[in-house]
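Per TrEMBL, the features are:
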DOMAIN    606-664  domain 'CBS'
TRANSMEM  22-46  transmembrane segment
TRANSMEM  67-95  transmembrane segment
TRANSMEM  186-209  transmembrane segment
TRANSMEM  221-243  transmembrane segment
TRANSMEM  263-282  transmembrane segment
TRANSMEM  351-373  transmembrane segment
TRANSMEM  379-402  transmembrane segment
Amino acid sequence: ENQLFLEEERRMSFLGFKCLEISRWVICGLIGFLTGLIACCIDIAVENLAGVKYYVVKQNIEKFTEVGGLSISLILWAVLNSAFVMVGAVIVAFFEPGAAGSGIPQIKCYLNGVKIPRVVRLKTLVVKVCGVICSVAGGLAVGKEGPMIHSGAVVAAGVSQGRSTSLKKDFKIFEYFRRDTEKRDFVSAGAAAGVSAAFGAPVGGVLFSLEEGASFWNQMLTWRIFFASMISTFTLNFFLSIYNNKPGDLSSPGLINFGRFESDVSVCGLLGALFNILNYWLTIFRIRYVHRPCLQVMEAMLVAPLGPDQSEDYPLQLFCADGEYNSMATAFFNTPERSVRSLFHNPPGSYNPLTLSLFTLTYFFLACWTYGLTVSAGVFIPSLLIGAAWGRLFGILLAAITPNGSVWAVPGKYALMGAAAQLGGIVRMTLSLTVIMVEATGNVTYGLPIMLVLLTAKIVGDYFVEGLYDIHIKLQSVPFLHLEAPATSHWLTAREVMGAPVTCFNRIEKVGTIVDVLSNTSTNHNGFPVVMPVAASDNICGLILRSQLIVLLKHKVFVELARSRLTQRKLQLKDFRDAYPRFPPIQSIHVSQDERECMMDLTEFMNPTPYTVPQETSLPRVFKLFRALGLRHLVVVDSENRVVGLVTRKDLARYHLGKHGLEEMQLAQT
C-alpha cells in the first residue's frame, strides 16, 4: 500500500470498481470452463488408451487360456503397463519434477502464502495432464482427482493474469489482478473447480478450498468459487455427453459417479494411520536413495506390472466354467473408479471373502508404494477403493456370523462407510469430504453417518500420525503456518523468534549500497525496513520488498537522473505489474560505477504503514497477527520505535509441538 497504489485507487471511479468485480466473475467462469475441458480430455484419453490396451491383453488371455498357459499374456500386460508408466515417469523426472504426485500439498502451501517454485507454471500443467493419463492408463494404483485439483489451480493462476510468461504472450487484460492476494483468491477457485470436475461436487469443491486449501478466506469468494465449480461440472458433462453420443444427458456428475446408496455404519482411521506411517518411511527412503531421475523412472516401471488393470466391461473367465468369471482377475483388471462402484452396488454373494481379503491387502501396499513415485498421481480413488474393499469384507463377515445378518447387513452399505473412513483416515478431511461423498452418491440421507465416520477416522488417525498431505509438507521442509501457534509456546516472545540484526535502508539510500545488499547471497532477504533519522535514533518509516527494489534499479529511478531529465517518464504501478511474478535476478541488472554513487528515494514506493510489534509480544499473539493478516514480514521495535528485529514466516513455522514438547525443525532455504 504505497503512494502509487493509493493514487491509482483514489483515481478509480465507482464504475471502475464495478467493472473489476465483473472481471472477477468472468475470470472464475473461464477457470471453470477450462478446468472442465481439461478433465474431459483426461477422461477421454484414459478411456481410449485403457480400452485399446485391455482389448489386446484380453485377446491374448482368451487365446492362451485355451492351451493352458497365461505367461505370454502376463508378459504383454507387464510390458504395456511399463511402457505407459515409463513415458509418464520420464516426462515428470526429466522435464518437470514439480508435476509429481497429486499436487495438493503444493497447492495447499501456495494458498497458505508459500511461493513453491514452478508449482503454477504452464509447463507443469502440460506434464501433469500427460503424466496422469499415462499413470492411470499404465494400471498404477492411482487416481485422476488430485492432479485435477492441481490442474485447476494452474489454470486459475494463468487465466487470472491475462498472459503467459512461459509463452511470453501478454493479452493486456486483467492487469489489475497481477499481485499475490488476487492471484491466490483465483487459485482457490481453480482448486475448487478441480474438485467439482473430478467428483461432480460443486459445493464440495467450495468446502474443499475452505477446509483444506485457502488460508485467507474472503466471504466474497464463496459465490465466485461456487460459480467456477458449477461451470466446471457443466462443461465436463456437456462435452462428455457429446463424446458419448448423448447430447441431452447433462446429469453425469463428474469423472466419479458412485450412484445411489443406502448406508449406516461407521469405522475408524487405523488403516489410514498405518497407510500414512508406511508412506512416510517410504518417502524418507526415496529422499535418501532414489533421488536421481533415472532411478525414479526405474522405480515407477517396477511398480507398473504389479498394479491392477482395466476394465470391468469384459469380465474374465480364465479357467472358470462357462457362464462364470474369475472374481479375483476381474477385480485386478478394472479401473479403480469402476471397482469402487462394483463394491458399492454388486449384490451379496458377488465376492468371495478370501479373494476380497487378498485383493484388499495387495492393493493397500501397492497404493502406499505408488503415492510418492515420480509420476502424476492422486490418492483419492485408491483410498476409496481400499476402504470399500475392506468395508464390504466387514459386511460379508458380519452377515455370516450374526442371525438374520443377510437381511440388514448389506455389504454395499459397509463398503461406502469403509471408503469414507479410509480416505478420511489418510487425508483427514471432514466437512468437505462429507459433502463430496453425498454429492457423488446422489443421496443426502447419508450425510450424518458419513460425517460420523469421518470424525471417528480423523480422531483415531490424529492420535497416531498427521494427515498424508501434512506429512509430505513437513518432509519438504516448507514453512507452512497452521491455524494456531503451538499450545506450549506462550513463554516465547518476539525477541526470541525474530531475525536479528536487520538490514535496513534509509529513506534516501545510495544505489551502490542497495545493489550490494541485494547481491549478498548469504542473506537473500526479501523485505527491508526503511528508517529515517529522528533525534539520535533511526525510527522506522516504511517497508520495501526486494522485487520493488529490483524494478527501481532496472528503470534507474535515481534522484540525480530525475533532476537532469525533466521529461523522464514517471514510474507507474503498471511497471511493477508487468514484471510480476518473475522479477529479474539482481545479477541481470547492470549498474555502472557512476550510477552506484547516485541516490534513490524510496518514499513513493515503500509501504509507509508496516505492521510492527513490541519485542515483548508473546509468540501466539505474533502468530495470530501474522496468520490473520496474511503477512510476509512483521517488524519488531523497541520502546523508542527503533527496529530491533524482523519476523518472517520461517521464524514462526520452525516451531512445532513434538513428542517432547515444543521443538524446532529445519526449514528449506528457498
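Each residue, glycine too, has its Cβ placed from N, Cα and C.
What TrEMBL says about a protein is an automatic prediction, not a curated fact.
On a predicted model such as this, the values are computed, not experimentally measured, just so you know.
Long-range contacts of the transmembrane segment (379-402) within its own chain (CB-CB distance under 8 A, at least 6 residues past either end) are made by residues 102, 141-146, 198, 256, 265, 267, 271-272, 275, 336-337, 339-340, 343-344, 348, 351, 353, 356-357, 359-360, 363-364, 367, 370-371, 409-423, 426-427, 468.
Away from its own ends, the transmembrane segment (186-209) comes close to residues 27-28, 31-32, 35-36, 38-39, 107, 110-111, 120, 144-145, 148-157, 159-160, 177, 221-222, 224-226, 228-233, 235-237, 252-257, 380, 429, 431-433, 435-436, 438-440 of its chain (Cβ-Cβ under 8 Å, at least six residues beyond either end). Same-chain residues lying 6+ beyond the ends of the transmembrane segment (22-46) with a Cβ under 8 Å from its Cβ atoms: 129, 132-133, 136-137, 144, 147-148, 151-152, 155-156, 159-160, 174, 176-177, 186, 189-190, 193-194, 196-198, 224-225, 227-236, 238-240, 243, 254-255. Long-range contacts of the transmembrane segment (221-243) within the same chain: residues 24-25, 28-29, 31-33, 35-37, 39-40, 43-44, 152, 185, 188-190, 192-197, 200-203, 205-206, 209, 214, 249-255, each at least 6 residues beyond the stretch ends and with a Cβ under 8 Å from a Cβ of the stretch. Secondary structure of the domain 'CBS' (606-664), assigned with DSSP and counted as helix (H, G, I), strand (E, B) and coil, comes to 16 helix, 25 strand, 18 coil. Taking the domain 'CBS' (606-664) as a whole, pLDDT averages 87 in the prediction.
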